[in-house]
Amino acid sequence: MMDTLQAFFGPLWPLVWTLIKILAIVVPMMGAVAYLTLAERKVIGFMQIRIGPNRVGPFGLLQPIADGIKLLMKEIIIPSGSNKFLFVLAPVLAIMPALAAWAVVPFTPDLVLANVDAGLLYILAITSMGVYGVVLAGWASNSKYAFLGALRSAAQIVSYEIAMGFALVTVLMMSHSLNLVDIVKAQQGSLGLLQWNWIPLFPMFVIYVIAGTAETNRAPFDVAEGESEIVAGFHVEYSGMAFAIFFLAEYANMILIAALASLMFMGGWLSPVSFLPDGILWLFAKMSFILFLFLWFRATFPRYRYDQIMRLGWKVFIPVTLIWLVIVGLLLQEPLRGLPVLNLWFH
Amino acid sequence: MLDSSFLLFMAFALVLVGAGVGVITARSPVHSALFLVLAFFTGSALWMMLEAEFLAIVLVLVYVGAVMVLFLFVVMMLNIDNERLRQGFWKHLPLGGGVALLMVLEMWLVVSSRQFSSMVPDPRGSISNTKELGRLLYTDYVFSFELAAVILLVAIVAAIALTLRRRKDSKHMDPALQVQVKAADRMRIVSMPAEREL
């Protein structure tokens, strides 16, 4: 089967094979995004003692498909005063980084599209471009609410990226590598989940998850949307599928942050106990746990005020990450890292 | 000659030059800033082709991901009068042209020198150049590296000190005090005997 395909495409085969692998990642991802929206409505529904969507299909399981069809059929309205080219470009720029980052995410040691050495740096660089979608959507709409949302989002994302970057620096200090496969392998040990990075880097883990919530503009950091203050923020002028793309990007980013947190702090595909085999299902379980936290945050916390978001980012998270960076650096030095308990993690 | 890396180089170089021209010819400053983003990104792709992946990714991370976002942030809020900006064009042209000519000359001197043509990427492609750069920066060049960091820090402190204004009339709060507040500080429960309705 593979040989006949290879013969059919000839010299183009590497290109075709890569495209097939990209589709194998993106298509299930889009399905996961669709069902994450349903999970969100169900989970928040149960937290608020409601049932949630239950009309379309058994237990409401076809609801995301109905929503998708509805959004596809709607008209995309381009405001006459807008900058048309950038207005159309903005949703593309929002979803591109959310998908491109998956190129280096390993699902198991061998199941990875591109096992590059600078994987972590690549992820940081690509995800830092997601803000352009929001900023350009806000500016190109030529609307005051959208513009306010764009400005809030730009400042917020740039601020939390610093804390997030520092949290990841401690991870790469622990594993001596920027390669995501090596980062997971460095957490391997006979004690299972006790040897993962989340214990020695616990403050960094907390900061990473919270900064990830802020980076994806999720509640309680959703001032860029702020439906009670600025209507819907940066995407107030968007309708139909263009609007849906922003939502796809937000949920794809949530899944990405969950995957990265699982890989870097919770041992990725490693099994939590030594008598069970490692496997991709562990990674999915850990991602689901982080995603559940995101939904839980949204159901629990009221929206942060803008100045308090800035205070949390600059005056709390960045100092904490800087101090932990020094502590990790010290613990990695020669006499300390050989001590009985510390040698579980620092090597 | 016409191998794939040459074609890629030509494509990236054309986009880069086009974006560079776009930066100075676009009418709206926001478009100029976006052309600059494109130029950075294409430049990064060229560096990637030279196997300088650390520099390439950091260029995207720092310039595209942070610096240009803040640039856009400022440019979007400016209310620029394009007509007034264009007024001095012919007056400033000779000076600008002179500087441009000088820069082209300097660049030609650098590119045509013997040392430049020997600077080709190391064929031992497997070394992680992130690790090598880190080792060099923190051993051989540690003092100049730290010096550069301190200079940047001084610049940040100076810029903040010059622009910091404390407004007297704004109501400003202390989160530390807010967190410590107890219910008893804000509310007093008074016990009152029940009163009979008249």
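Glycine is treated like the rest: Cβ placed from N, Cα and C.
Caution: TrEMBL annotation is automatic and unverified by curators.
If you look up TrEMBL, you'll see A:12-38 (among others) marked as transmembrane segment.
Long-range neighbours of the transmembrane segment (A:85-107) within the same chain, counting only residues 6 or more positions beyond its ends whose Cβ lies under 8 Å from a Cβ of the stretch, are 22, 25-26, 29, 78-79, 113-116, 119, 122-123, 126-130, 132-134, 136-137, 139-141, 180-181, 184, 237-238, 242, 245-246, 248-249, 252-253, 256, 259-260, 263, 268-269, 280, 283. The feature transmembrane segment is assigned by TrEMBL to A:85-107 (among others).
Residues 79, 82-84, 86-87, 89-98, 100-101, 103-105, 147-151, 153-154, 157-158, 161, 165, 168, 171-172, 178-181, 183, 215, 217, 224, 233-238, 246, 249, 253, 256, 260 of the same chain, all 6+ positions outside the transmembrane segment (A:119-141), place their C-beta atoms under 8 angstroms from a C-beta of that stretch. Annotation source TrEMBL lists transmembrane segment at A:119-141 (among others).
Positions annotated as transmembrane segment by TrEMBL: A:153-173 (among others).
Long-range neighbours of the transmembrane segment (A:193-211) within the same chain, counting only residues 6 or more positions beyond its ends whose Cβ lies under 8 Å from a Cβ of the stretch, are 160-161, 163-164, 167-168, 170-171, 174, 187, 257, 261, 264-267, 270, 272-273, 290, 293, 313, 317, 320-321, 324, 328, 331, 344-346. Residues annotated as transmembrane segment in TrEMBL: A:193-211 (among others).
The transmembrane segment annotation in TrEMBL covers A:243-267 (among others). Counting only same-chain residues 6+ beyond the ends of the transmembrane segment (A:243-267), those with a CB under 8 A from a CB of the stretch are 29-30, 32-33, 36-37, 68, 71-72, 91-92, 94-95, 98-99, 101-102, 105-106, 123, 127, 130, 133, 137, 168, 171, 180, 183-184, 187-188, 193, 195-198, 201, 204-205, 208-209, 212-213, 215-218, 234-235, 282-283, 286-291, 294.
According to TrEMBL, the transmembrane segment annotation covers A:279-300 (among others).
Summarising the annotation, TrEMBL assigns transmembrane segment to A:312-332 (among others).
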